[in-house]
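Annotated in Swiss-Prot:
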type: REGION; residues: 1-45; note: region 'Disordered'
type: COMPBIAS; residues: 14-29; note: compositional bias 'Basic and acidic residues'
type: COMPBIAS; residues: 36-45; note: compositional bias 'Polar residues'
type: BINDING; residues: ASN71, ALA72, ALA73, GLY74, ARG75, GLN76, ASN165, LYS215, TYR237, ASN238, ASN239, ASN240; note: NADP(+) binding site
type: BINDING; residues: ARG75, GLN76, ASN165, THR166, THR167, LYS215, TYR237, ASN238, ASN239, ASN240; note: NAD(+) binding site
type: REGION; residues: 412-488; note: region 'Dispensable for NMR function'
type: REGION; residues: 422-488; note: region 'Disordered'
type: COMPBIAS; residues: 438-459; note: compositional bias 'Low complexity'
type: COMPBIAS; residues: 460-473; note: compositional bias 'Acidic residues'
Amino acid sequence: MPAEILSELPLRPAPRDIKIPNAMHNEERRHKHSRSSYSEMSPLMSRNNSLTWRPAKRPMPTPDKTIAVINAAGRQAASFIRVATAVGFHVRAQMRNLEGVVATEVSTNPNVTVLQGELYTKETPAESDKGQCVDVTKNGPISGIGVNDALISELFRGAQLAFINTTFYGDEERIGMALADAAKKAGVQHYVYSSMPDHHAYNKDWPSLPLWASKHRVEDYVKEIGIPATFVYTGIYNNNFTSLPYPLFCTDLQPDGSWIWQAPFHPNAKLPWLDAEHDVGPAILQIFKDGVKKWGGGKRIALAYEMLTPLEACEVFSRGVGRPVRYVRGPIEVKVKIPEGYRIQLEALEELFNLHNEDPEKQPPYFGDIELERSCPRAALELWEGPRGLEEYAREVFPLEEQANGLTWMIEEYDGGGGNNIGNNHNNHHQQEEHYQHQNGHQNGHNGINGHIVNGGVDSESEEEDSDSDDEGLVMRGNKRADEEWLA
C-alpha cells in the first residue's frame, strides 16, 4: 500500500546536482591515489597515482658471479653465505658434514651448491697401525695426511670469486696453498683470505702462535703466486664467550649468578672485538662489491668494530646481560678434551701475552702489526656501518645461545648477586683490578701454574684422536650450532 502523504508536512523538491568547476568524478574521489599533489602534467604523477600509465618495472640487477667458500658451517663463512646469497650471488660451499642447524641452513639455500667432504685425505693405515687414531690438528706436516685435491679443484669450477678461511683440520699450510693454486688455475678474479699474524715475524722476541703462523705463511704464498687478493684479520669473536667449560673464553658461572672470565691478557691492554655471525658477512660482501681496484694488491683489513680492554669488555658485557662479569688475569684453564693442535696454540698464546708483564703498553698487538691494529675500527666501518657491539650481543644473543647449549641460568630466578648493585660493584675498573691482582697472586703462590695450561684433569699424554671423533670436547652439542668449527 503506498505511503500516505501527510498534508501538514511541507513538500521539498529533490536536490539538484550542483556543478562545481574542476570537480573530480565520484569514482575518482574514492581511489586512494586520486588526490595527488602533482598536476596531471607532472612527471612525478606516475609515481603517485596508480591510475596513470607507468612503464614496466626494470628487473633488479642480479649478480652473475659464483663464489667459492670453504668450511661453510663455520661462523665467518655462514655469515657471508647468508648475505651473499640474499643479494643473488651463487655459492659453491665445502662442508665437512651436513649435521646441525647451520649446515641445514646452508645446504637448503637455493643459491648454494654444497660439496661435502674433508679438505684433507687419510691414507689407508698399515696393518700395524690399524686401530690407532691420528690427530689431524697438529701444526705442520702430518704422516699419512694429504690434501683432497679433487674436491678442491671441483670447488672452484665456475667460480669467479673466493672467500677462504682455513682451519687447523689437516695440514693447514698445505691445504691453504693447494686452495690458492686451484683458485689461480680456475681464473678466480678476487681471492679474499681470512688470515692471522705470525707475531715472530714482527718481533723476534715474540713467539709464533702455530695456528696463526700457518695462516700467515699461506698469505705470503698467495701474494707470491700473484692472485688478486685481499686479506682480512678478524678480531676476537663476541660469540666466543660461553658458560660451557671451553678454554680461554669461558665465562665461569658463579653460585651467586655472576660470571668470571679468566685469561692471560693484560686487564688494561686494548683488544679488537668482532661479532662474527652478524658482521663478517656484510663486510666481506662489500669487499667483493668494491673489487680489487680498491682492495686488491694484497691489502690487509682489520675486521674489528670495538677496541676494548678485558676490563672494559666485562663492563659492557655486564651492562648487556644484566649481571656482574669480572675479569681475572690468570692462566688458561683447560677442563675439557681439546685437539692437540689447539692445546699447543693456547700454550703459545700464554707465552705471547706474558702473565708477568705488568705494562699494558708492552703487550704485543693482537694483529701483530701495530698499524693494522690502529686502523680499528675505522677500516671495518668503511665496509659495514651496522655492527653489533659486545653489549648488544650480550643482551640479545648470548642468552639464546646459552639456552641452545643446554644452560638454564636465563630462566632461573636471579637475586642480584646477594643484593650487590651491578653498576657500583662491577662496573668500576679499580675494583675489578683489585680482584685481578688478588686472584693472580693467589694462583702464583698456591697453585704453581702461572703461565702454563691448566690440565683440568685431562691427560695430555693420552692417545691422540682423530678430529672426526665425536668426543672432541670442542664441538657445541646444543641445537644452535652443533656443527660449527670451533673458532672458525
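Even glycines carry a Cβ here, placed using N, Cα and C.
Here the features listed in Swiss-Prot are placed on the structure.
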residue : record               : CB count, 10 Å
ASN71   : NADP(+) binding site : 23
ALA73   : NADP(+) binding site : 28
ARG75   : NADP(+) binding site : 27
ASN165  : NADP(+) binding site : 24
THR167  : NAD(+) binding site  : 23
TYR237  : NADP(+) binding site : 19
ASN239  : NADP(+) binding site : 21
How far apart, in Å, are the two Cα atoms that lie farthest from each other among ARG75, GLN76, ASN165, THR166, THR167, LYS215, TYR237, ASN238, ASN239, ASN240, the residues recorded as binding NAD(+)?
22
In three-state DSSP terms, the structure that ALA73 (NADP(+) binding site) belongs to:
coil
Between ALA73 (NADP(+) binding site) and THR167 (NAD(+) binding site), how far is it from one CA atom to the other, in Å?
12
Which of the binding-site residues ASN71, ARG75, TYR237, ASN239 has its Cα closest in space to the Cα of THR167 (NAD(+) binding site)?
ASN71
Over all pairs within ASN71, ALA72, ALA73, GLY74, ARG75, GLN76, ASN165, LYS215, TYR237, ASN238, ASN239, ASN240, the annotated NADP(+) binders, what is the largest Cα to Cα distance, rounded to whole Å?
22
